[in-house]
Amino acid sequence: MGFLEDFQASVETLPAMLHKNYSLMRELDKSLQGVQLENEQRCQQEIEDIKHGLESGSITTYEPAKLKFSDEAIEEQKHCVRIADEKVALATQTYDLVDAHIQQLDQFMRKLEELRLEKEAAAAAAAAAAADAAVAATSAAPAGAGTFRSAAADPAPKTGRTGERSRGGRKKAKVPMELPTEQPPIDLELPVDPNEPTYCFCNQVSYGEMVACDNPDCKIEWFHFGCVGLKEQPRGKWYCLSCSAFQKKRKGR
C-alpha cells in the first residue's frame, strides 16, 4: 500500500499550501482596494479641476491634453489591473492544486478497487481449487505400495467375473490358518462416492494396500491388509477366511 502512504503525505501538505494561497489572495485584494480608492479619489479630483478650468476659461476644448486623466491616474488604473490579474492567476493555481489532488485520489481509489477485485478473484480461485481437490479425494483412493492394486486401478467390479482375474503376476504365499478369524471393520471416515464399489469384510471402498483371494468364485475377492491381518506382501496363493474354510471342507470329503 505504498501509494496510500504517498497520497497521505501529499494531502498532508495541501492545507498549508491552500492557506498560503488564500493569504496571498487576501493581501492582493486588500492592496487592490487601496489602489482603487486612491485612483477614484485622484480621478474625481482631476475631473473637478477640469470642470473648474473649463468654467474659468483656463482650459479650452481645443486643448485635449488637458481634458484627460493624468499619467499618475492612468498608471494607478493599470496597477489595479495587474493586481487583479495576479489574484486571478493565484486563484487558478489554487483550483488546479485541489483538482490535482482530487484526480490523484480518484486514481488511488481505482487502484484500491483493482486490488480488491484481484484478492476476491484469488480467493475464489483458491476456493475452487480446494473444492476440486475435495472432489478428487472423494472419487479416487490413494495408490497402494509395490504391485498391489490401488483404488484407481483395481479391483474391478465382481459382476460377470471370469477366470481371468489379472493380478499383475503377483505371487502370494499361504498364510498360516491361525490368523484371526475376522478383524473388526476399520472406520476410516472417508468420503465415499455412492457409485464406487465396495470390498472386503468391512464393506468399504478400495484404499491403501489390498490383496485378492485366489478362489475364482470368491464372493468378495479383494480385502484390505488390516482387515485380514496382513502386514506385508503375501507369496504364493492366498485365500480369504471364508474360501479357506470352504477349501478345507472340500478336501475333507
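Placement of Cβ uses the backbone N, Cα and C atoms for every residue, glycine included.
As written in TrEMBL, here are the features:
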- Cys200, Cys202, His224, Cys227: Zn(2+) 1 binding site (BINDING)
- Cys213, Cys218, Cys240, Cys243: Zn(2+) 2 binding site (BINDING)
- 98-132: coiled coil (COILED)
- 197-246: domain 'PHD-type' (DOMAIN)
- 147-175: region 'Disordered' (REGION)
- Tyr199: site 'Histone H3K4me3 binding' (SITE)
- Met210: site 'Histone H3K4me3 binding' (SITE)
- Asp214: site 'Histone H3K4me3 binding' (SITE)
- Trp222: site 'Histone H3K4me3 binding' (SITE)
Calculate the distance in Å between the alpha carbons (Cα) of His224 (Zn(2+) 1 binding site) and Cys218 (Zn(2+) 2 binding site), and round it to a whole number. 15
Residue among recorded positions Asp214, Trp222, Cys240 with Cα closest to the Cα of Tyr199 (site 'Histone H3K4me3 binding'): Trp222
Taking Cα atoms as reference points, rank the recorded positions Cys213, Cys218, Trp222, Cys240 by distance from Cys202 (Zn(2+) 1 binding site) and give the first. Trp222
Asp214 (site 'Histone H3K4me3 binding') as reference: those binding-site residues from Cys200, Cys227, Cys240, Cys243 with C-alpha within 10 Å of it: Cys240, Cys243
Long-range same-chain neighbours of Cys243 (Zn(2+) 2 binding site), Cβ under 8 Å, sequence gap at least 6? Cys213, Asp214, Asn215, Asp217, Cys218
If you count the other CB atoms within 10 A of the CB of Cys240 (Zn(2+) 2 binding site), including all protein chains displayed, you should get 24
In the same chain, outside Cys213, Cys218, Cys240, Cys243, whose C-beta lies within 8 angstroms of the Cβ mean position for the Zn(2+) 2 site? Asp214, Asn215, Lys219, Ile220, Glu221, Phe223, Tyr239, Leu241, Ser242, Ser244
Neighbour count (Cβ, 10 Å) for Cys202 (Zn(2+) 1 binding site): 17
